[in-house]
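Pulled from TrEMBL, these are the features on record:
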type	residues	note
TRANSMEM	A:12-31	transmembrane segment
TRANSMEM	A:69-89	transmembrane segment
TRANSMEM	A:101-118	transmembrane segment
TRANSMEM	A:138-159	transmembrane segment
TRANSMEM	A:171-199	transmembrane segment
TRANSMEM	A:205-223	transmembrane segment
Amino acid sequence: MVLSFFDQFMSPSYLGIPLMALALILPWTLYPKPTSQWISNRVLTLQGWFINRFTQQLMLPLGRKGHKWALLLTSLMVFLITLNMLGLLPYTFTPTTQLSLNMGFAVPLWLATVLIGMRNQPTIALGHLLPEGTPTPLIPVLIIIETISLFIRPIALGVRLTANLTAGHLLIQLIATAAFVLAPLMPTVALLTATLLLLLTLLEVAVAMIQAYVFVLLLSLYLQENV
Amino acid sequence: MLSRLVFVSANALKGSGPLGAGLVQASRSLHTSSQNLAPVPPLPEKGGKVRHGIFPEELFQLLYPKTGVTGPYMLGTGLLIYMLSKEIYVINHETFAALSIGSVIVYGVKKFGPSVAAFADKLNEEKVAKAQEVKDAALASLTQAVEQEKKEQWRAEGRTLLFDAKKNNVAMLLETNYRERLHMVTNEVKRRLDYQIALQDLHRRMEQEHMINWVEKSVIGSITPQQEKESIAKCISDLKVLAKSTKATV
């Protein structure tokens, strides 16, 4: 019983064929391609509106140089949101629960921002290591602390996403099991548990969207510092 | 050989409703045949009709002739019960999770569906309205330009009348001036002639007076003193006679 809770996080494979690629490609099939028609259907209109608004909001604090990252960040956001939301369906595998995937997103992008900062404006990039107005005796210690904080960022990004989603999924499984087991024994308690499950599902929906947004927002913040 | 297949199937599909039209459009993008499948049927505006959110209406239409209205429902119930009883679908904790997420999804769609659809429609409407506004503005400005052009043409017509009137005016002024000058000339000439006449009259009068004076002078000169005494004596005798006649009458 304990093992089966973590089965959902195992990378799916069938007859030895890894299905991870299939799981990752699925979001792409769900979004219609923009047509050359002037007025499109509702889905396409909403999709276009959302992507426009999101990119506009994200690119607002970034200058012209940061606009090169618009495509990357917006597509990352849409991808993560879709993966997270699809994972809430029963019997589905959520790729973003895999630490390898999230680190694969976080480390290269974070490293890119750091390298851009070091290359284009090394003084300012290094200057971020010392917050303004620190008392002089604290400076060496603070530099060390800020460096550690800088290097923790990719780990934090990846682990944040993984941990949130894994925890959420596990909680759903646990509470659903509780409701399932209690249903023939104590129906009233099972009903309460089912209500809890409903609220948790709502929370998980919110968490799915928020975590994706936070991931992309933090990356844009790091970019803003360094671009 | 495949292109012939595409031809035949495309022509059959064109008339077969929204799905057929979609397939014709899709196969066009594959460029499997020459592009002579015109006129291409228009794409449908709304998606296919569904019942209960997931089951297409075509399924119900398909089963209606054989099993009536309740046919698809019986099929669904039977399938569900079959899967449950044979434990093809096992009820476990995931079922509860599926129920909860299912209810969240259904609630979300039912509550926010119409407003989201209205929002999408509003976006499209605004797009169309903007283009329509441009078109209307262009139309209005062009109509106004036509109106103004017509007015200008009418004004141009009127200008000839204006010129005629001005010409008449000037002609009248000239005429008046000419007449005045003619009048003045006539007056002057008359004055000259009157002067001559007056001169002649004066001349004749003076001659007359002169002659009368000369005649008087000569008559008075010719009266001798003898005649004067005789005339005075006659006058006195006449007077005496008259005095006698008046005394008598008084």
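Note: Cβ is positioned from N, Cα and C throughout, glycine not excepted.
Using a cut-off of 8 Å between Cβ atoms, the transmembrane segment (A:101-118) and the transmembrane segment (A:205-223) share at least three residue pairs, counting only pairs 6 or more apart in sequence. Sequence-distant contacts of the transmembrane segment (A:12-31) (same chain, six or more residues past either end, CB-CB distance under 8 Å): 47, 78-79, 82-83, 86, 93, 95. If you count C-beta pairs under 8 angstroms between the transmembrane segment (A:138-159) and each of A:69-89, A:171-199, A:205-223, the highest count goes to A:205-223.
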